[in-house]
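Taken from Swiss-Prot, the feature active site, O-(5'-phospho-DNA)-tyrosine intermediate covers Tyr304, and the record attributes it to sequence analysis. The Mg(2+) binding site annotation in Swiss-Prot covers Glu7, Asp80. Look at Swiss-Prot and you will find 1-111 tagged as domain 'Toprim'. Taken from Swiss-Prot, the feature domain 'Topo IA-type catalytic' applies to 132-568. Summarising the annotation, Swiss-Prot assigns region 'Interaction with DNA' to 166-171 and lists sequence analysis as the type of evidence. Taken from Swiss-Prot, the feature site 'Interaction with DNA' covers His31, Arg142, Arg143, Asp146, Trp158, Arg306, Arg499. The zinc finger annotation in Swiss-Prot covers 600-627.
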Amino acid sequence: MKLVIVESPAKAKTINKYLGDEFKVIASFGHIRDLPSKKGSVLPDKNFAMEYDISDKASKYVDAIVKYARKAEAVYLATDPDREGESISWHVAEVIKEKNKVESDDFFKRVAFNEITKKAIIHAVENPRKLDTNLVNAQQARRALDYLVGFTLSPLLWRKLPGCKSAGRVQSVALRLICDREDEIERFKAEEYWDISLKMQNSNNELFTAKLTHVNDQKLKKFSIINEKEAKDLTRKLKLQKFYVEKIEKKQQKRQPQPPFITSSLQQEAARKLGFSAKKTMQIAQKLYEGVDIGKETIGLITYMRTDGVTLSNDAIADIRKLIDKNYGNKYLPINPRIYQSKVKNAQEAHEAIRPTNITYTPDNLKQKLEKDYYKLYELIWQRTIACQMENVIMDLVIANLASENKEYLAKANGSIIAFDGFYKVYRESLDDEDEEDNKMLPPLKAQEHIKTKEVIPNKHFTEPPPRYSEASLVKKLEELGIGRPSTYASILSVLQDRKYVTLEKKRFIPEELGRLVTVFLVGFFKKYVEYDFTAGLENELDEIAAGKLEWKTSLNNFWSGFNNNIESVNEQKITEIINYLQKALDYHLFGENKESKVCPSCKTGQLSLKLGKFGAFLACSNYPECTFKKSIVSGNDNNEDEGNLSTILNDNKILGTDKDGVEIYLKTGPYGPYIQLGEQCGKVKPKRTPVPTNLKQSEITLEVALKLLSLPLKIGIHKDSGEEIIIGYSKFGPYIKYMCKFISVPKKYDFLNLNLDDAIKLIENNKAKLEKKHRSMV
């Protein structure tokens, strides 16, 4: 038996039917090993050793893989053809080697394919290769970088900015883009400007519109007419003028089709045309790639969907051209096939573009066989693929230059018409911020023809701020900057929303206050690591590792030495210094240009300043506790929700850190006082909670103290005489020792969290002596 291992059951089902009975196809269900979410999973001091664990979820799949591998004559690793897929295959091979004592690498065959079709699968199985260690190392380097940033920067954030959940190597840079754009919008000052339109009529009484372009031989610029008075003066003068056609220009314009889809362009176009999120687009594309049921069979309908290559195979181009000729006619078919070059920064071109695996499966053929959203995305991919090999669109353009009889004023009218629809026959690309007017034809005009001016219209405009990022435009910007890779865009956008750092309103990203705080903090104290060029440079290094041009641990060492020094430096910063910096950096956002807006509206003498608390960021008066005014700056929290004791709000819901499993530990305040909580409530399952001892101040509750409290009740040893367990615990009556079903109070003079066995036995014996003395006195 030959064992074939893929990532998903759907992919396994599709591949299984193409291979004979000698093959057994099973799924790993994604990654079987990963770095556990705890300290020490990557060890810089040990040459970046990485401690991988098999998750509880993956263990049953690993058992099946190991069992079948014992019976197999060879293992075919058929995971996705990218770094992530190579990494999954490597982990599978490593686990099989360890569990089954396999020593030879020849036992493993790496098979890679760009599409799940019978031809591609058979060819891959017949032509296996060895695992590409360069690709594996590139993925390990990326994972290590993300871990080192997350598990050193996030805890620092929890200490310095209570309420902030995490920071990531790439997500923080994407967040900065969104926040920087919001800063531009807030600081933007609209400027007034005017232009003049003229409604004209030709000799056949046909109307058209022209725009004033020159006055006294001076070309009008955007701000040539800056107020209503100037516009009205010009309007009055133009009404007295007679115009004629000075010159007619005619020319043709050709529009070329866009390249076939890559990951980013598919996400952008699906967002514009279909309203799909990047996450939804990738989920559907994954299913279309792995295989869907179309009635008589399950087939993979598209090629691999994580790619930055725009090339198409020669066979695919031949099939596309054949279909164009058959369905649309020879005039829509260029003489030569179109060959595209990627414009993506650092594109790898390792895979084909995203295309249908069989171009003869037209959308019409599949409309009744696919789910609605699956059909929409497949149709988009099919149309773009066909269009990319079709003829140009040809536009006939007409430009009429008009002049006043005294030559003092010039105007221009434009018109266009589609002379040949070319690839428009199948597909038209959308624009993210479309501002093009509909194409209009001009009526017939002749040179020297006199034109009547029917109306002169002054048009008032204001400059507009840059638009907020949509999913499509943010992905495009990340791609232009060389930040992230095709496989990461969707997850970056999802994480920012899941962390409540940004919201998506009317399909545009708006940063939340927490998101802005994190960004300002990182720009202030970790500026290098959220610079666009630096992050893109790391992506370049990962590409060099994948190409075998750079040793991966050298790259990690170069990054870590500087980053760790930065962490240690910021750790020494006082929280007051950080708050002061945040206050200064966010001053314009919070108060604008009006200094009076900083004055406390309650006491009239204090100054408002930034604070962080239970409900996010808010403003509080500097005269606290004499003045308890506060105002939430988080959307939706200007209500009684944040009323209460200000000192409580400042310390409530503080994240202390995480336990060994990566679960967050909170310091909270309830109706009965402060308490420690492990994790969030999940449905009806309440998280573990323990009260804070009354002799401890909230400022004394560190992560170490919280972990000790959560570990209670805890066995601290065995009594040397009786052999019975001694347990330390804490209840509403205070700390206690439990011994032989008896509860013994721990006096305040003892640090009960660090109580040793000898002291515990001493307390037990003292309690025993007291009881015996009491008993004798009663007798």
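Note that Cβ sites are derived from N, Cα and C of the backbone, with glycine treated the same way.
Annotated features, which come from Swiss-Prot, shown on the structure.
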| residue | record | contacts (Cβ under 8 Å, 6+ apart) |
| --- | --- | --- |
| Glu7 | Mg(2+) binding site | Ala27, Ser28, Phe29, Gly30, Thr79, Asp80, Gly85, Ile88 |
| His31 | site 'Interaction with DNA' | Ala58, Ser87, Ile88, His91 |
| Arg142 | site 'Interaction with DNA' | Arg83, Leu542 |
| Arg143 | site 'Interaction with DNA' | Asp34, Leu35, Met50, Ser87 |
| Asp146 | site 'Interaction with DNA' | Gly168, Arg169, Val170 |
| Tyr304 | active site, O-(5'-phospho-DNA)-tyrosine intermediate | Asp80, Pro81, Asp82, Asn114, Glu115, Tyr289, His351, Glu352, Ile354 |
| Arg306 | site 'Interaction with DNA' | Asp80, Asp82, Glu84, Thr263, His351, Pro486, Ser487 |
| Arg499 | site 'Interaction with DNA' | Lys165, Ser166, Gln171, Leu514, Gly515 |
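Minimal Cβ crowding within 10 Å, among the recorded positions Asp80, Trp158, is found at Trp158. DSSP gives Arg306 (site 'Interaction with DNA') a coil state; it is part of no helix or strand.
DSSP gives Arg499 (site 'Interaction with DNA') a coil state; it is part of no helix or strand. Taking DSSP states H, G and I as helix and E and B as strand, the domain 'Toprim' (1-111) has 48 helix, 25 strand, 38 coil.
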